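Q: Sharing a structure with you now.
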């Protein structure tokens, strides 16, 4: 089995917000290495159930091995948390006591060259969470027009140099396909004027983020998964979501606020006709972030933001 390493971010804070109860049914929609799931399983005890979902077969296998001691209390499923509603239906589960989504790419995926996520390691430009299906990042770079590439890099990477990078990609691929991570990283670094290179951020960071989001349809998955998760929660059940960049965090914040809002009728209406009731109580007015001790131990935790909410009756 492929060795899988990953440090669970905000583990203590997640447990405080999720507050798992003995005998409850919980779902970890982004299983990863199984660190968060292990903590939940320890709390819910032998009468509880934790369902772990992941698109990555390597993550699923590693977590299943790590959590084997919990026996039938742990149920691993390969799939995307965006398909959460269908996966729960297949398993015959109607309601949940709690749900966790950790939206970050795992340390293992970033540090494994053949996965193609890292601009620091040379490997095939893949970036698929599930390598058995879908187009790779290299496919996108080869097939998309300059305009489409600009839109992807600008929208998903919030990159100010998106147009220039997209044009350079199209010019380069006419001579040679862009198929490796370092090939793309060098291209982006050479396109952005050196005086605009940031000290602590590699110049290709935003472009790689944008391609990864596009390849895996991450933002669509986030919205679908959160909406389905809220619908599946019991009254008093909780949802906790860890995001790692502003695009994800904005979606989480918006969906939580939307679900926590009641009547949306105009003030001039004499009575409510929308019949909208608040579904959630937001538990985190501001996102919870990692403290200095955790960020010293795991620098990738610096950008993590945790938001949580509780389902109303």
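Each residue, glycine too, has its Cβ placed from N, Cα and C.
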Q: From 264-288, 289-313, which range did Swiss-Prot mark with region 'Disordered'?
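A: Of 264-288, 289-313, Swiss-Prot gives region 'Disordered' for 289-313.
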Q: For the region 'Disordered' (289-313), what are the DSSP-based totals of helix, strand and coil residues?
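A: Output for the region 'Disordered' (289-313) reads 11 helix, 7 strand, 7 coil.
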Q: Note down the number of other Cβ atoms within 10 Å of the Cβ of residue 35 (S-adenosyl-L-methionine binding site), including every protein chain shown.
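A: Around the Cβ of residue 35 (S-adenosyl-L-methionine binding site), 19 other Cβ atoms lie within 10 Å.
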